[in-house]
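In what follows, a structure is listed as structure tokens, so that the remarks can point back to it.
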Amino acid sequence: MHALWEGARGASGLLFGGDPEFWAIVGRTLLVSGAATALAMSVGVPLGYLLARRRFPGRTFVLSLINTGMGLPPVVVGLVVWLLLVRSGPFGTFELIYTKGAMIIAQFAISTPIIVGFTAASIQALPPGLPDLLTTLGADPLRKLLLLSREAKLGLLAAVMAGFGGAVSEVGASMTVGGNLQGSTRVLTTAIVTETSRGATDRAIALGVVLLLLSYGVTLLLTVVQQRQQAR
């Protein structure tokens, strides 16, 4: 209990003490996880729509892969990305390993299946005759995607929350491909691991509290938007 109290005090000190290293870590966390989530949305929403509305050979197999991907261990994702980006790997010439770019790629790979799965479920929950009605009214495929996404906006907001949550909370992939380099690739989750391994329990707890507050803040914002949309 004493450690938790000290952690809470430490969190207050980090939040209001103006520690430049701490705020750099927070900013880096938001940058990496935000970019990964945005990229995952740009790919996951159209792909989820196609999986929900199109019938093709192997569709069940693809859906099963997506569902499996929603539960992939982040450290395994990090290992695969590391093998691709390391200097001896197929994309080693880009020199992305141990950079924020590598972390964005890894978190993108973690978030995308989550967003695809949520999007497909949201689109499938719409009235079955709605796509045909839009076609009858002359909507082209892009217009149909936009209109159906608008109807499924509550589910899509849930997809954003789940995708961001999966990205910002993972540690294994970021450690593997980012290297947890101070001032470069250290984010909140990897900083917690570092402080714990050094025995700085109070600072680790403080960072954990801040990570929870950050996750809660983003989720609260999206939830408010979701509920306002539902009330309309």
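Just so you know, the numbers here start at 1 and follow the chain as drawn.
Glycine is treated like the rest: Cβ placed from N, Cα and C.
Whatever TrEMBL says is automated annotation, not expert-curated.
Worth saying up front: this structure is predicted, and the values here are computed from it rather than measured.
The domain 'ABC transmembrane type-1' annotation in TrEMBL covers 26-222.
The transmembrane segment annotation in TrEMBL covers 22-49 (among others). Sequence-remote contacts of a segment are chain residues at least 6 beyond its ends whose Cβ falls under 8 Å from one of its Cβ atoms, and for the transmembrane segment (22-49) they are 14, 100, 103-108, 110-120, 122-123, 145, 148-149, 156, 159-160, 163-164, 167-168, 174, 183, 185-189, 191, 207, 210-211, 214.
Tertiary proximity for the transmembrane segment (61-85) is limited to same-chain residues at least six positions away from its ends with a CB under 8 Å from its CB atoms, namely 51, 91-92, 94, 96-97, 102, 105-106, 109-110, 112-114, 116-117, 120, 170-177. What TrEMBL lists as transmembrane segment is 61-85 (among others).
Look at TrEMBL and you will find 97-121 (among others) tagged as transmembrane segment.
With a cut-off of 8 Å between Cβ atoms, the residues of this chain six or more beyond the transmembrane segment (154-177) that come close are 29, 32-34, 36-37, 40-41, 44-45, 48, 73-79, 81-82, 85, 97-98, 102-103, 105-112, 114-115, 118-119, 121-123, 125, 185, 187-190, 192-193, 211, 214-215, 218-219, 222-223, 225-226, 229-230. Under the heading transmembrane segment, TrEMBL lists 154-177 (among others).
If you look up TrEMBL, you'll see 204-225 (among others) marked as transmembrane segment.
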Distant-in-sequence neighbours of the transmembrane segment (97-121), which means Cβ under 8 A and at least six residues beyond its ends: 28, 31-33, 35-37, 39-41, 43-45, 47-49, 51-52, 63, 66-70, 72, 74, 77-78, 80-82, 85-87, 152, 155-156, 158-160, 162-164, 166-167, 170, 173-174, 176-179, 181, 184-185, 187
